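Report on the structure given below.
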Amino acid sequence: MAPHDHIADPFAGARLTIDLAALTANYSLIAARVAPARTAAVVKADAYGLGATRVAPALAEMGCRDFFVAHLAEAIALRPHLPADAALYVLNGLQPGAERRCATLGILPVLNSLDQARRWAAMAREIGHALPAVLQVDSGMSRLGLQPEEVAALAEDKAFFEQVPLRLVMSHLACADEPGNAANAEQLRRFHALAALLPPALLSFANSGGAFLPAAFHHDLVRAGVSLYGAAPNGEGPNPMRPVVRLDARIIQVRAIPAGTGVGYGLTFNKSEPARIATIGVGYADGWPRHLSNRGAAFFGGVRLPIAGRVSMDSITLDVTALAEGALGPGDEVELIGPHQTLEQVAADAGTIPYEILTSLGSRYSRIYSDGVPGDLSNAVD
Ligand SMILES: *Cc1c(COP(=O)(O)O)cnc(C)c1O
């Protein structure tokens, strides 16, 4: 059996390797593509599950100075890990009562409604100095942001912009991952019309998908999320991003079973020939979707090993009959995400999107941050 001393926690069910060199290469690729627009990093949900306190500093080192999270708590936790001159934005907006916290910590709430905008201006009055405003306008997604009549109302309020000088106007694309969707051009048109009502400010519109739309979509600041973490920015052509995540699980047990033997909860896997079944210590509690029961696979040396039966909470059974007897044993590793099985493939098998697979990655894995070949401890920076 191969030695496994490169697993940081030798008793973990699987090793998650996060390649920081691939992450920063992806940042450079987006930054070069959208220049002269600046590239911000979206690091909400713990940097899509990969660890915001490792990801954000690595991107700051690349020159990134704009970071977006979803919640104030995420911003507060991340602030000490960012350079003092980095801007930190809270996408979900300004919760009532959070005004002073944001102002004191220099955190920028994305103002998503008139009420939020007015509370931010009131805080500026209270502390006696101007606070920068980041406004989100709803250009068609109907999720967050000021609606057109609210933008018009705010535009009339000249005193408002003295207390909170407008720094950034942003909006979000609903269909950026479909470059051919006519909704993109329509949203762009509405974004420009709404921004024209407001005092001059920097503009931000594109997410990962938007970065791969024409330059007219890039404006001043692109908000890149999933593409930094290796997922394809859209469904067209080969994925231009470098894979960042690799997941390898260790075999706990291998057994031979006679023809007609059921496997797993509900005995939903049952072959008419003898089979060999290997069990790994990863389950739906680790973010491996139960929907992959009898659908997904693992890989060993390029051989596809189908998931046999239901995904359990803490384990998965694999049909390893395709391998020679004895080729695989306890302690050997199989690939769940890696060169043979991409994040996109796992998501497709599970009937979901790479975002959901990434953000579900469990806390029980042994995590290795490498700045070289994924899984190679000689390059680990832990
Ligand atoms: C999550 C999010 C992003 C990043 O989107 P990706 O598709 O992951 O690049 C950008 N902007 C807003 C408003 C978001 O909510």
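Using N, Cα and C of the backbone, Cβ positions are placed for all residues, glycine too.
Per TrEMBL, the features are:
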{"type": "ACT_SITE", "residues": "K44", "note": "active site, proton acceptor"}
{"type": "ACT_SITE", "residues": "Y265", "note": "active site, proton acceptor"}
{"type": "BINDING", "residues": "R143, M313", "note": "substrate binding site"}
{"type": "DOMAIN", "residues": "244-370", "note": "domain 'Alanine racemase C-terminal'"}
{"type": "MOD_RES", "residues": "K44", "note": "N6-(pyridoxal phosphate)lysine"}
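Features per TrEMBL, on structure.
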| residue | record | DSSP (3 states) |
| --- | --- | --- |
| K44 | active site, proton acceptor | helix |
| R143 | substrate binding site | coil |
| Y265 | active site, proton acceptor | helix |
| M313 | substrate binding site | coil |
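For M313 (substrate binding site), the same-chain residues that are 6 or more apart in sequence and have a Cβ closer than 8 Å to its Cβ are G283, Y284, A285.
Across the domain 'Alanine racemase C-terminal' (244-370), the DSSP tally of helix, strand and coil residues reads 23 helix, 46 strand, 58 coil. Mean pLDDT across the domain 'Alanine racemase C-terminal' (244-370) comes to 97 in this model.
On a Cα basis, K44 (active site, proton acceptor) lies 35 Å away from Y265 (active site, proton acceptor).
Taking CA atoms as the reference points, R143 (substrate binding site) and K44 (active site, proton acceptor) are 17 Å apart.
Here the recorded positions are K44, R143, and the one ringed by the most other CB atoms within 10 angstroms is K44.
Just so you know, the Cβ of Y265 (active site, proton acceptor) picks up 14 other Cβ atoms within 10 Å once every protein chain is counted.
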